[in-house]
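For reference, the structure is listed below as structure tokens.
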Amino acid sequence: MSFTYQGNQLFAEDCAIADLAKQYGTPLFVYSKAAIIENWQQFAAHWPAPHKLCYAVKANSNIAVLNVLARLGAGFDIVSGGELARVLAAGGKAKDVVFSGVGKSREEIAYALEQGIGCFNVESAAELERIQAVAAEQGCVAPISLRVNPDVDAQTHPYIATGLKANKFGIAMSDAREVFRRGAQLPNLDMRGVDCHIGSQILSAQPFMDASERMFALIRDLRAEGIQITHLDMGGGFGIPYQHEAKLDVSGYLQSLQERAKEMGDLTLMLEPGRSIVGNTGVMVTKVEYYKPGSEKNFLLVDAGMNDLLRPSLYNAYHDIVAVQRHEGLDEPLVDVVGPVCETGDFFGHARHLAAEEGDLLAVMNAGAYGFTMASNYNTRPRAAEVMVHGASATLIREREPLESLWQGEHLLGEDA
Ligand SMILES: *Cc1c(COP(=O)(O)O)cnc(C)c1O
């Protein structure tokens with residue numbers, strides 16, 4: 001793998017992480033280009049054309065990451081106009097973009113139509129009417145897929161389960177036919193696909209297969225009514241091991257899905273993997289500021305906070321935390337690894353065995369997905385720098401934010417206010 005020890009030193013490919021931290025400072029996200037390529041190819045190898053893969057941009061949207069994927073022929077799944085602009089800036093093509101999300105604004109729809117995106121994944125009847133109106137104004141025809149909620153339990157964290165009836169996402173299976181009929185009557189819409197996305201960090205193929213059966217049944221019904229559905233997009237959600245979880249058998253799932261789809265005649269399959277492409281390709285490097293022993297607990301206070309990597313605070317997510325330079329023979333006390341942000345929820349790990357002292361570097365593993373993209377400036381903390389390594393070289397792909405930029409655009413009241 002891409003993050004391994006050489007002696008007692010943690011490396012990213014052939015770069016010593018301690019050297020990167022010295023050069024670029026901490027907190028620092030370090031990504032491995034080789035790992036991104038490897039993950040992508042694991043999907044692509046089992047997914048022959050005409051089936052399509054659209055990387056879910058929100059997992060990690062740095063333009064260098066998007067560019068690596070664009071060069072591999074990736075399509076992109078976006079959830080905002082901003083993400084479309086990023087994809088284009090990174091060398092992606094609009095026609096390879098699918099636009100998901102429950103709250104698309106008129107402006108975002110107009111922008112996406114002007115750029116000529118591949119498909120809208122529509123999440124409500126009201127959105128369908130809005131896209132019709134904007135497409136009519138532009139005198140174009142909008143390619144449409146309906147995101148249908150298959151009502152399967154993905155057995156994941158409640159915040160990232162999206163395929164249940166109780167979730168805000170998608171159109172209920174029971175309403176789908178009616179919304180399709182309506183769409184088929186609207187002159188500026190081309191109703192060509194169905195999609196679903198049942199959640200994230202799913203570690204069993206069963207929920208995906210259950211969802212696909214329901215989607216196949218829907219496609220058969222729609223075709224029987226004369227609505228020619230030509231693609232099925234099964235979304236993303238492929239889980240990765242963060243702790244000791246058994247790996248999801250992605251290739252097995254991809255093969256079963258294609259087998260089943262053969263019975264459907266002319267049907268292109270699409271997927272929107274995010275986490276599974278970038279999750280294990282990045283680490284967050286942070287420096288120990290203080291060791292604070294206590295009667296109840298010992299704390300390692302580090303220079304990264306929940307504003308840099310939110311997943312532990314938001315989902316109680318587990319991330320391995322390792323020493324960048326291992327000390328031989330040192331005691332490994334039980335510690336909580338916590339940040340400087342003024343919230344008790346500001347932590348990276350509880351009850352870890354770690355030998356570290358002031359100035360030591362730690363790496364929070366598997367931080368490539370939903371890491372930097374969820375970062376904020378809470379507590380007026382500049383967002384971290386990002387580096388991508390490729391073999392023995394490293395490129396700064398995002399500079400650390402300068403402090404003054406954090407209040408740029410803010411204004412004092414006038415003299416007599
Ligand atoms: C977030 C999201 C994805 C990607 O999910 P992962 O769990 O990162 O694979 C795909 N499709 C949609 C619609 C999403 O919202």
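For all residues, glycine too, the Cβ spot is worked out from N, Cα and C.
A TrEMBL annotation is a machine prediction, not a hand-curated record.
Quick look at what TrEMBL lists:
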- Cys342: active site, proton donor (ACT_SITE)
- Gly237, Glu272, Pro273, Gly274, Arg275, Tyr370: pyridoxal 5'-phosphate binding site (BINDING)
- Arg275, Arg311, Tyr315, Glu343, Tyr370: substrate binding site (BINDING)
- 34-278: domain 'Orn/DAP/Arg decarboxylase 2 N-terminal' (DOMAIN)
- Lys58: N6-(pyridoxal phosphate)lysine (MOD_RES)
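Overlay of TrEMBL feature records on the structure.
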residue: Lys58; record: N6-(pyridoxal phosphate)lysine; Cβ within 10 Å: 20
residue: Gly237; record: pyridoxal 5'-phosphate binding site; Cβ within 10 Å: 30
residue: Pro273; record: pyridoxal 5'-phosphate binding site; Cβ within 10 Å: 25
residue: Gly274; record: pyridoxal 5'-phosphate binding site; Cβ within 10 Å: 25
residue: Arg275; record: pyridoxal 5'-phosphate binding site; Cβ within 10 Å: 25
residue: Arg311; record: substrate binding site; Cβ within 10 Å: 21
residue: Tyr315; record: substrate binding site; Cβ within 10 Å: 16
residue: Cys342; record: active site, proton donor; Cβ within 10 Å: 9
residue: Glu343; record: substrate binding site; Cβ within 10 Å: 14
residue: Tyr370; record: pyridoxal 5'-phosphate binding site; Cβ within 10 Å: 24
How many Å lie between the Cα of Tyr315 (substrate binding site) and the Cα of Cys342 (active site, proton donor)?
18
Inside 10 Å of the Cβ of Glu272 (pyridoxal 5'-phosphate binding site), count up the other Cβ atoms and send me the figure.
26
If you check the recorded positions Gly237, Pro273, Arg311, Tyr315, Cys342, Glu343 one by one, which have a CB less than 6 Å away from any atom of ligand 1?
Gly237, Pro273
Please tell me which one of the recorded positions listed here (Lys58, Arg311, Cys342, Glu343) sits closest to Gly274 (pyridoxal 5'-phosphate binding site), measuring Cα to Cα?
Lys58
Around the pyridoxal 5'-phosphate site recorded as Gly237, Glu272, Pro273, Gly274, Arg275, Tyr370, what other same-chain residues have a C-beta within 8 angstroms of the site's C-beta center?
Ala56, Ala59, Ser200, Gly236, Phe238, Ser276, Ile277, Ala369
So of all those recorded positions, Lys58, Gly237, Glu272, Arg311, Tyr370, which one's Cα sits nearest to Cys342 (active site, proton donor)?
Arg311
Does DSSP put Glu272 (pyridoxal 5'-phosphate binding site) in a helix, in a strand, or in coil?
coil
Between the Cα atoms of Tyr370 (pyridoxal 5'-phosphate binding site) and Arg311 (substrate binding site), find the distance and write it as a whole number of Å.
7
DSSP secondary structure for Tyr315 (substrate binding site), reduced to helix/strand/coil, please.
helix
Rank aside, I only need the closest one: which of the recorded positions Lys58, Arg311, Glu343 has its C-alpha nearest to that of Pro273 (pyridoxal 5'-phosphate binding site)?
Lys58
Candidates Lys58, Arg311, Glu343 (recorded positions) - the one closest to Arg275 (pyridoxal 5'-phosphate binding site) by CA:
Lys58
Where does the residue listed as 'N6-(pyridoxal phosphate)lysine' sit in the DSSP three-state scheme?
helix
Distance between Gly237 (pyridoxal 5'-phosphate binding site) and Arg311 (substrate binding site) at the Cα atoms, whole Å?
16
